[in-house]
Structures are given as structure tokens and as C-alpha cells.
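As recorded in Swiss-Prot, the features of this protein are as follows:
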- 1-432: region 'Interaction with NFS1' (REGION)
- 1-46: transit peptide (TRANSIT)
- 63-431: region 'Nucleotide-binding domain (NBD)' (REGION)
- 63, 64, 313, 316, 320, 388, 391: ADP binding site (BINDING)
- 76: N6-acetyllysine (MOD_RES)
- 87: phosphothreonine (MOD_RES)
- 135: N6-acetyllysine (MOD_RES)
- 138: N6-acetyllysine (MOD_RES)
- 143: N6-acetyllysine (MOD_RES)
- 206: N6-acetyllysine (MOD_RES)
- 234: N6-acetyllysine (MOD_RES)
- 288: N6-acetyllysine (MOD_RES)
- 360: N6-acetyllysine (MOD_RES)
- 408: phosphoserine (MOD_RES)
- 432-441: region 'Interdomain linker' (REGION)
- 432-679: region 'Interaction with FXN and ISCU' (REGION)
- 442-679: region 'Substrate-binding domain (SBD)' (REGION)
- 513: omega-N-methylarginine (MOD_RES)
- 567: N6-acetyllysine (MOD_RES)
- 600: N6-acetyllysine (MOD_RES)
- 612: N6-acetyllysine (MOD_RES)
- 646: N6-acetyllysine (MOD_RES)
- 655-679: region 'Disordered' (REGION)
């Protein structure tokens, strides 16, 4: 344990905190620098000449994900292979081991609920014992299990997957979407995270990017990205609030936009509040009503529950534009008396009553964010809505009541975050030069000191990147080592906050308590990820770590997952090749049989039989297609095609010569007739 009592004395004798220029400006004002000068000084940290190629912006969402790229000065949202601009963040594993991502995974969820993963972003960077995780285990049909490191992972067909891996599979789909559009490999990316994500969750998201094969240049906050999308082409200076209620998380950020500088003043939120909770509340209501009417409890039937879950989500969306909707699920389940059907009418007012407590949970974070930013609602010039749940009229009314103005609909709530990520990618690549983003750390950072007290070194809403040092001392006589426990949160006692990690500084010369001087330095990079060092000022001995939670993924874990992801990518490529080869072969068989019927009178019988044998062999090959390579199938199909082309060429020539013969004979007959007429 180390003592904080020394810190006050140390400060009296001149120990000071070192800060980044951004942090200093945030706390001390502009220090006489113009916006342009400050932008010029700071941009060295934000752009890099080493970045080659396009930087894709990815909104890795709880429910849906979206990808965008910069085209000139404009960001473009890309359509996936299914033609949609957003992709469901759903991953499924079929009984034969095939992995499905996006809409194909979502479509089969009813028949495969135990092995279809959705909303796993809510588990990312979390421990299995977290109350939120324990709550989730009761609400989802798939298995959430404790990993060997204590983190919450998921299980399918006996295999364990980290939430970072599931996120990586979704990111690979987004990467593929970008590559199909760009026509070349997409390597660099900016990925967004909820503003209120802690360090563990940010690190786990970055791990997901690495597993997917992406070079994650920056992790930025979702509300900040949305503000970039909103303010890129705006010239006026103003303070804006970004209210982001998505599929799994809620964030509120207050920003000041001034001459291309986007400065986050404060942020707050709830990382376990979103559309999934609205769906779950409605699902519970439907299940309760169904049991009251039929006496059947649906909670034991995962397949029926998945149907109800999808119907609840659909009804929720419909009630944003309609005042009433019907929920009809025929043959939902069965008991001794026969099949049971679900038929229910749901009004908007009923739904609002069911979820009113969830909407109210967004109010306190908004009030706290305004308080931290030292602004009143009259100071806020615009309120931007982000996230699918902000389409709900009751949510919009709550926002209007809270901020005293109708919210703006200037951005697409589903696409704004990806657009902002692409813009930040353009800034990092040097393609966008008139924008500077100054974000903040959402939670206070510090260490545990004597008595279990949480001593803050960096307060929440400090502009990042930032660096701060403070001197501590030993708590006992003769102490030769100190354990540094790094925590994140706002509670007074360290045990009530999130333990990010811990390390030990050893080799301190024995001395009376309070004599050794141990300098602890916190450094938060532009991704919001924490680096901590502890140095014995007497010996110069230093210990440094990039904070990883006591769980988290080790370097070896990530490398193994990268290899597995590459293996999956290779399997996907082989599968695609095989499917294309099978389609080609079936097309050639069909064309060959059609032509054989068409030219049957011109084809020699023995040649015709040979061709039929070739077709039979091809069909036998297709019958075992799952064990054949695409190349083998393609070669066999090409061989059949060549054989059929030669035969049909012979038949065509024979038919042509027969036509010529019949044509010349008819011409001769005509000439004879003409001679007879003349005579």
C-alpha cells in the first residue's frame, strides 16, 4: 500500500503535474494562442504522413454496424453485399461449423437461438461477475460463461469465444464491405465506442479490430463522431448536445464547435441502457400476457422466445410511426390441448408505459453532463439525436422537455457515427485539414492509497491526450515494494470503482515510512487508453504498463484469435470459390442437356453417350461437393464444357451443311421451273 499523505507535502515543495498542450488549454484557457495557431500546433498529434491508403470509419454498434469512407471532402456510407447500409451485429455458428455474420445470421436466429450471438458489445471488456452480465445471462438464449481470466465470454457448440472475437467477426464483414467498394485491401480504420466506455472496454474494442486484421488508428467516442458528421460543413460557432440512445448504450456529450475545433466539454452515460432493454421490457410484457391468457409459460422455450423477441423489436419500430400495431405469431407453441397462437394489439401509449422507466434513466446523465460542462440548457444551440431509439416519439419529447428545444434531425441517427469516424480517418490521413477534435476521458482515473481510498490523478472530462504525475510514499517502515492499483470511476473508495489493473514497483531501499518518493504518472492517449508508470525517485527504478484489466486478452490470446480469424477468412474464401464453381458446373450441365435435346438428330449416338457419361461423372462430383475444392469442381466443369462445345460445333456444322444442301436443291428446282415457263 502507498500513502497519499506525502502528496500534499510534495506539492508544497514544488511537485507539479505535467500536462499535454490540449489538457492545459482545457483547464487554463487558450493561453493567448489563436484557434489557427493552436490547431497548427496540435495537429502533429492527429495526422500522420505514414498512413497509406483509405481509412475506413466503422461504427461497431450493439444492434447494427455501419461503415463509411471519405470521398474527397465528403463521407460516403457503404452498402453491404445484401444492399443495406447497416449490418446487424449478429454472429451465428451452424451445426456444421459454418459462421454466419449480419443478416444471414439474424434470419436463422429462430431455428438456432442457442448459437446465435447478438448484443455481445454489452459484454465486451466486462467480468463475468459484473451485475450487468449476470442480468444478461437471464435474458439471452445463448450461453454466457466465465472465461479462465474471469471475463464474460460466450459459448457455441462447445467452443468459447470472447466478445472481442465476436466483434472482430462483425468488423471483418464491415472490412469486406469496404474492400468490395474500394477495390483493394482496407487496412486502416477508425472505430467508435460509447463515450462512457471504460479503459477495459476500449482496449477490448481495439483488440477486436486487431483480431479482424485492421490497423486501428484511433478509437473515438460515438457522440463525438456524430458531432463531426453534424458540424463538418457548419460555419457558425455553437454549443451542441449529442443525445445518443442506441441498441445497447446511452451517451450524452456536450461539445463546443468553434472554427473547425470540436471540443468536448463533458460526457456522461450508461453503458447498459439501450434498445435491447426496450425489446426485453416488451418481451416480458408479451410473455406475461400470453401466460395470463393461455396458461403457457414461454420462458422455457428458446425458439418461441426468439420469435417473440423478433416480434417485439418489429413492434417497437412500428410504433415510432404508428399509434397501434398488431403482434401475430401463429403456432407459437403447443400444449395438451393443441397449438397456441399469439394475437395481440399494442398501442403506442401502452408501449410508452412499459418503457417509461428506461427513458427516465437518460435524464440524470444529461443533467450531470450540463453541470460538468458548466452550461445551462439555454446555452445549448442544438441537440443532435443519434441511435435508432431516438426515433421513438416519447424519447424525442423527453429530450425536448430536458433541453427546452426541439431536437435537430440534421443527421441520420443510424449513419452519423460511421460518417464521423470516416471524417476522423480523413483527419488522421491528412485528407481533411480544417478539423480538430479534442475529446475527453469519461471517468476519473487514480490509484488506491492507504485505507482503500481512491486518490484521483486525472479527473473526468479532462481533454485527451493528457499526462499527469503525482508523488506518493510508503505506508510502512522498511517497505521495499509498493503495489499500484489503478482504478477508474467516481466513488470515494477504490473498491467501489472499476479496477483496471495493478502492478508492483520493487527494489525500494528500506527507509522509514513517508521517506521514499514514488512518482506515479498517468498518460492517456488519444484513444482514451491508459498508460501508467511508477518511479522511485531515489533509485531511478521504474515500472511501466499499458493498463490491461486483470482479465482482458493477452498478446498470445490476440495472436491466436488473429490466426483463427484468418483461418475463418480462408475458409470463407474457399467456401465462396466452391459455391461459385458448383453454380458454374450446374449451369454447364443444364446447358449441355438442353443442347443435346436440341441437336439430338445431328449428334452421333456414340458421342452422345460419351457426353452423358461425362455429365454423370460431373453429377457424382457435385454429390460430394463439400469434400471437394472449388478448383477441382471448376476444372471438371471446364472439361465437360470443352467436350460439349466440340460436339455441338460438329452438330452445328452438320446442320448448316444440310441446310445448304436443301437450299441448293430447292434453287435447282426453281431454275428448272423457270425454264419450263419460258418454253
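Numbering starts at 1 and runs along the chain as displayed.
Backbone N, Cα and C atoms are what each Cβ position is placed from, and that goes for glycine too.
Keep in mind that this is a model prediction, so the values were computed, not measured.
On the structure: features taken from Swiss-Prot.
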{"residue": "63", "record": "ADP binding site", "Cβ within 10 Å": "23"}
{"residue": "76", "record": "N6-acetyllysine", "Cβ within 10 Å": "15"}
{"residue": "87", "record": "phosphothreonine", "Cβ within 10 Å": "24"}
{"residue": "135", "record": "N6-acetyllysine", "Cβ within 10 Å": "13"}
{"residue": "143", "record": "N6-acetyllysine", "Cβ within 10 Å": "14"}
{"residue": "234", "record": "N6-acetyllysine", "Cβ within 10 Å": "13"}
{"residue": "320", "record": "ADP binding site", "Cβ within 10 Å": "17"}
{"residue": "388", "record": "ADP binding site", "Cβ within 10 Å": "22"}
{"residue": "567", "record": "N6-acetyllysine", "Cβ within 10 Å": "10"}
{"residue": "646", "record": "N6-acetyllysine", "Cβ within 10 Å": "12"}
Lowest 10 Å Cβ neighbour count of the recorded positions 206, 288, 391 is held by 288
Rounded to a whole number, how many Å is the Cα of residue 135 (N6-acetyllysine) away from the Cα of residue 408 (phosphoserine)? 34
Mind checking which of 64, 408 has the fewest other CB atoms within 10 A of its CB? They're the recorded positions. 408
Can you grab the distance from residue 600 (N6-acetyllysine) over to residue 64 (ADP binding site)? Cα atoms, rounded to a whole Å. 55
Fewest other Cβ atoms within 10 Å: which of the recorded positions 316, 360, 513 wins that one? Let me know. 360
By a simple count, how many Cβ atoms lie within 10 Å of the Cβ of residue 612 (N6-acetyllysine), its own Cβ left out? 13
In which DSSP state, out of helix, strand and coil, do we find residue 513 (omega-N-methylarginine)? coil
Given the recorded positions 138, 313, 600, which one is most crowded in terms of C-beta atoms within 10 angstroms? 313
Can you figure out which of 63, 313, 320, 388 (the binding-site residues) comes closest in space to residue 567 (N6-acetyllysine), comparing Cα atoms? 63
Could you state the CA-to-CA distance between residue 612 (N6-acetyllysine) and residue 143 (N6-acetyllysine) to the nearest Å? 52
